[in-house]
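To start, the structure under review is shown below, and the notes come after it.
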Ligand code: IVH
């Protein structure tokens, strides 16, 4: 066997395998760019050795066999593939072949050739679909499959909102097969992945996989819940001619209600095609959907016929590809970075690779859950994706290429910077009156300000513009101050002397004086600014403002119990615990004390914020205790009957029964029989009173609830949970439930048969949950149905 023969067999076997994974399993294991390279290597070898071409070579067919679970569909007119051009020269070559094929004058170096009219369209990155209309009614939808035989996905395509079930207007041919691409917008893809993560479902590497995985679902209800879109770009079988140009055909299809690309244009001659390619290339990141190139087609149908086909590609069309956004590279190592709050974050060190024109050698891995989700090992070949301006991401591991010496990624036991212990964070959830603690995705170095990395970041944050706003202290200077041992807490900044500063690199007499006066000027911060500057984990500017506005004194913020903090808008139990434990920590308390000793005077302290003071009633507070089977209504009844928490706790069963039905009465008594629950409730009540909260106010407690401020809409028939119960549950979480969808709607729950409301939600790009996802979402908030 010759070397060429050997390589051909090898390439065919590998491509067959990739084809199967890509087309049948929807789980490609290598990026398209790598596939294209292997494919072209095979094509070139076969071109040089034509006697070795066999009919089963991947170059001789378009795709792979259909999934057996769908019915097979034969395409009367085969669904073809396109030849690719990567360089300008490939395009000029294509134009030359077209011109010659049409017997037109081809011109010379100085031009003068005939200018062929081409249609220009974006090449959407989704999957090709055939839609068959009989007498204007959609009767069948099919995938491309291997180009001759596809899968019948009629039920699925019907769920794609912008596919007309019936054509508009009149005059369509009795048999009309429309072809186009089903795809997912970038926003739809992000939303879908976010929902999938929330409900613990499978996430997708890119919008193409998400579209393919969503459309080829045996359960079309799942397809219906996915934000799929369609764009038509051509015709298949037709019983009568429509127009004599490609653009004329698309224009007519558009008039019949078909979605057609807004970017469709006519170009006269190859130079205008190249202009189009450049223009779209520049706007690629800003488009709402992903494209992997542009497609040029000879506009005249007569000319298309004249040119015909070569193998399984039309001679009259070509795809001019853009640089791929995904590439393969090797994971050389995983290093761990320590952030301001001590979070120890894995970072992928990659063998440098060019992705869409930019060399990538690092990628964030977010956290250890992400490492586990990817199944990542050091030494793995990975797929890197750089979509637009987004930070490069590792989207998939090519497990087939895992070397024998691959090593698992291990979170270090000790901080790589200071050697302190690294701990896994805990997630606190409270449901049905019980707190459960589970393991979080984040690991943290416990060294805090004793850890050089955290100290540096903490000080950089402390002096930053939106925090204490100390001008003249850049990152480099902070590093020096820490490394020289001049600063070991933010409080030390206020003890710096002129002599200490002037000796630092980059400082002279004037800049040292300026820095000292900037430090002195920062001594009267507003409360919100100060809280933000402390760098409490998960407390950004907004939360700092809420804390300052509501509690209005550093002392109250420092003392606040977690259960009291959850009364504040947008403060969940986890953040409440972070805040509480930050101020419980002796070291942090000492830093604050020292800051105050250095003369820091915190402004805007005073009376409890009015909106907070009036934000609850006794009923509201009882409701917040989350007593099993007691909703807001029951809680209010208890408040009306007993008037104080103490009275409810000590009430006997008979009294309780006067307020509530038996089941709820029992639940209340069982709840308060637990010492910890009693204590938690009484402590919270006492602190709220100490803070100056008044009970008489009738305002409902919604601000502190997890869905406060959100409007939800329920649509379609709900089967797992009744509409009333769903509404009740949402309201108990603080949401408003509305009857119609608008831009102000936060989320739409769409059951089977959802119609115009779902369409509108998709149009507005709103978050949509199907019923299962909704039930899972409720479970995530501790509500089981
Ligand atoms: S025309 C005979 N136009 O690219 C021409 N294809 O590599 C057949 N695609 O299977 C295709 N956008 O999935 C055409 N505007 C466009 C396209 C497009 C995306 C996809 C389609 C096709 C593949 C060909």
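Keep in mind that glycine also has a Cβ here, set from the backbone N, Cα and C atoms.
Among the features that TrEMBL reports, NAD(+) binding site is placed at 32, 33, 34, 35, 36, 81, 82, 121, 144, 181, 297, 321. Other Cβ atoms within 10 Å of the Cβ of residue 34 (NAD(+) binding site), summed over all protein chains shown, number 19. Secondary structure at residue 34 (NAD(+) binding site), taken from DSSP and collapsed to helix, strand or coil, is helix.
Counting Cβ atoms from all protein chains shown, residue 123 (active site, N6-AMP-lysine intermediate) has 21 others lying within 10 Å of its own Cβ. Classification of residue 123 (active site, N6-AMP-lysine intermediate) by DSSP places it within a strand. What TrEMBL records for 123 is active site, N6-AMP-lysine intermediate.
The annotation Zn(2+) binding site is assigned in TrEMBL to 415, 418, 451. The DSSP secondary structure for residue 418 (Zn(2+) binding site) is coil. Just so you know, the Cβ of residue 418 (Zn(2+) binding site) picks up 19 other Cβ atoms within 10 Å once every protein chain is counted.
Residues in the domain 'BRCT' (702-772) partition by DSSP class (helix H, G, I; strand E, B; coil) as 20 helix, 16 strand, 35 coil. Annotated domain 'BRCT' per TrEMBL: 702-772, in sequence order.
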Contacting recorded positions for ligand 1, chosen from 32, 82, 123, 297, 418 when the Cβ sits under 6 angstroms of any of its atoms: 82, 123
Alpha-carbon distance [residue 123 (active site, N6-AMP-lysine intermediate); residue 82 (NAD(+) binding site)] in Å: 11
Residue 451 (Zn(2+) binding site): secondary structure state under DSSP, collapsed to three categories: coil
Candidates 123, 415, 418, 451 (recorded positions) - the one closest to residue 34 (NAD(+) binding site) by CA: 123
Residues flanking the Zn(2+) site, with Cβ no more than 8 Å from the Cβ centroid of 415, 418, 451 and excluding those residues themselves: 338, 342, 414, 416, 417, 419, 420, 445, 447, 450, 452, 453, 454
Cβ atoms near residue 144 (NAD(+) binding site) (within 10 Å, other residues, all chains): 23
Residue pair residue 297 (NAD(+) binding site), residue 123 (active site, N6-AMP-lysine intermediate) - Cα distance, angstrom, rounded: 12
